[in-house]
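One structure is given below, encoded as structure tokens.
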């Protein structure tokens, strides 16, 4: 890694990077069209629950700092290898590989629409994007952060400006007369918590940057929380703007509600501005996924939960195998057209449930490690004893329950999740028994997990290096 350090601003930019994606802007339009401005309450609930989980992750990070894999290593020290592999492969690798391909598709579709006169297939634009970001990330974290800072802050500023203009009613378009709230009862407001979850998921992706921070004790927890709050405020302004300039019905039926809002707010200028925002959101999201997943795969390889090739780095400290895997996955899914099918939103819902299960495990990790190591030094610790981690677990479980308002869809999602978990369990069982050769549920000692961070650990335990 480069010796230069990054500050709080870059941590926030990375936290925003995955969270504010084109698919999230679509989700915001769906939720707002269903409830009106009271969807802001739903978003606040989802934001609060996700912040609780992020604070739990911050405590885990303070107990075991500077770990490349983050959540994988925290879980290995808490619940053992079997559950860790299921949660990480299901909740992170599968989910984000698919989410990244979706963002690539939205980037390609947007470019294809703007430059329709070129008659270039959408996957060509996608491939160019992935290629450029691959080269950027291949050159190390400093280049990644520079790209992320420019893109994320350009995205935030654009959305805040348009949201504030819409809220204040100072756009050039015609103000729409319609009720602010379509539903305000508790049942309706909380029934969309599962949808609102999409708007705040992924803040923990700043964890792999811990070693690059000037002040990780402050910047990691503060950066994650501030990124969530900034996103909440930004989306609240956009929701009020939707109310003033777009009919709720049109908003819900549009596949690009944010671009519709830009058109209604500022005419053609607003439309192209929002097209730019869509492009920025896609670049930001794909950039974050590509970089962070490569380091998570690297961390899992270091603790012997994935093949050792994922731990190998280039001369700038970049884990190339993970980076190549993500880039190839994004391109293949877009060339084959899989990421542009109607079923993609359904699959994201399935994988989001797996992500929420991983969040529950993260909160559980805090409780288990507090019980096992009550006096271990922690630079950051959640107050009020076990209350906040328990609330985080209950909140995530409640969002799983409210993943979709329709019971038919909900039961279908649960069925697919169950099948996925069984498949992951079979893989995890085989890997742990045949490759790791450790008890399935026995937690590793923290000192062993942290020792695995050193590249000589794998060499020593492979028998290639023995003490004199």
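Placement of Cβ uses the backbone N, Cα and C atoms for every residue, glycine included.
Taken from TrEMBL, the feature domain 'Amino acid permease/ SLC12A' covers 14-408.
TrEMBL lists 12-32 (among others) with the feature transmembrane segment.
Long-range contacts of the transmembrane segment (38-58) within the same chain, counting only residues at least 6 positions beyond its ends with a Cβ under 8 Å from a Cβ of the stretch, are 31-32, 70-71, 74, 181-184, 188-190, 192-193, 195-197, 199-201, 203-204, 207, 220-221, 224-225, 228-229, 231-232, 235-236, 239, 359, 362-363, 365-366, 380, 382, 388-389, 391-392, 395-396, 398-399. Residues or ranges marked as transmembrane segment in TrEMBL: 38-58 (among others).
Taken from TrEMBL, the feature transmembrane segment covers 70-94 (among others).
Annotation comment: TrEMBL describes 114-138 (among others) as transmembrane segment.
As annotated by TrEMBL, transmembrane segment applies to 150-169 (among others). Within the chain, the transmembrane segment (150-169) has long-range Cβ neighbours (under 8 A, six or more residues past its boundaries) at 12-14, 16-17, 20, 175, 230, 233-238, 240-242, 244-245, 261-262, 265-266, 270, 273-274, 276-277, 280-281, 283-284, 287.
Counting same-chain residues at least six beyond the ends of the transmembrane segment (189-208), those with a Cβ under 8 angstroms from any Cβ of the stretch are 11, 14-15, 17-19, 23-24, 27-28, 30-31, 34-35, 38-39, 41-43, 45-47, 49-50, 53-54, 57, 61, 67-71, 96, 183, 220, 223-224, 227-228, 231-232, 235, 288, 292, 295-296, 299, 348-349, 352, 355-356, 362, 398-405. As annotated by TrEMBL, transmembrane segment applies to 189-208 (among others).
Annotation comment: TrEMBL describes 220-242 (among others) as transmembrane segment.
According to TrEMBL, the transmembrane segment annotation covers 272-297 (among others). Long-range neighbours of the transmembrane segment (272-297) within the same chain, counting only residues 6 or more positions beyond its ends whose Cβ lies under 8 Å from a Cβ of the stretch, are 14, 16-18, 20-22, 24-25, 68-72, 88, 92-93, 96-97, 99-100, 103-104, 106-107, 110-111, 113-114, 129-130, 133-134, 136-137, 141, 144, 147-148, 151-152, 154-155, 158-159, 162, 202, 205, 208, 256, 258-259, 261-263, 266, 306, 310, 318-323, 325-327, 330.
The transmembrane segment annotation in TrEMBL covers 318-338 (among others).
Marked as transmembrane segment by TrEMBL: 344-368 (among others).
The transmembrane segment annotation in TrEMBL covers 380-401 (among others). Using a Cβ-Cβ cut-off under 8 Å and counting only residues 6 or more beyond its ends in the same chain, the transmembrane segment (380-401) has close neighbours at 45-46, 48-49, 52-53, 55-56, 58-59, 61-62, 190, 193-194, 196-197, 217, 220-221, 353, 356-357, 359-360, 362-364, 366-367, 370.
Annotation comment: TrEMBL describes 413-432 (among others) as transmembrane segment. Nonlocal intrachain contacts for the transmembrane segment (413-432), taken as residues 6+ away from its ends with a CB within less than 8 angstroms of a stretch CB, comprise 81-83, 85-86, 89-90, 94, 305, 346, 349-350, 353-354, 403-404, 438, 440.
Contact counts against the transmembrane segment (318-338), taken as Cβ pairs under 8 Å, peak for 114-138 among the stretches 70-94, 114-138, 220-242, 344-368. A Cβ distance under 8 Å defines the sequence-distant neighbours of the transmembrane segment (70-94), meaning residues of its chain 6+ beyond its ends; these are 57, 60-61, 64, 204, 207-208, 293, 295-297, 299-300, 303, 305, 351, 354-359, 361-362, 364-365, 368-369, 420-421, 424-425, 427-429, 431-432, 436, 438-446, 449-450, 452.
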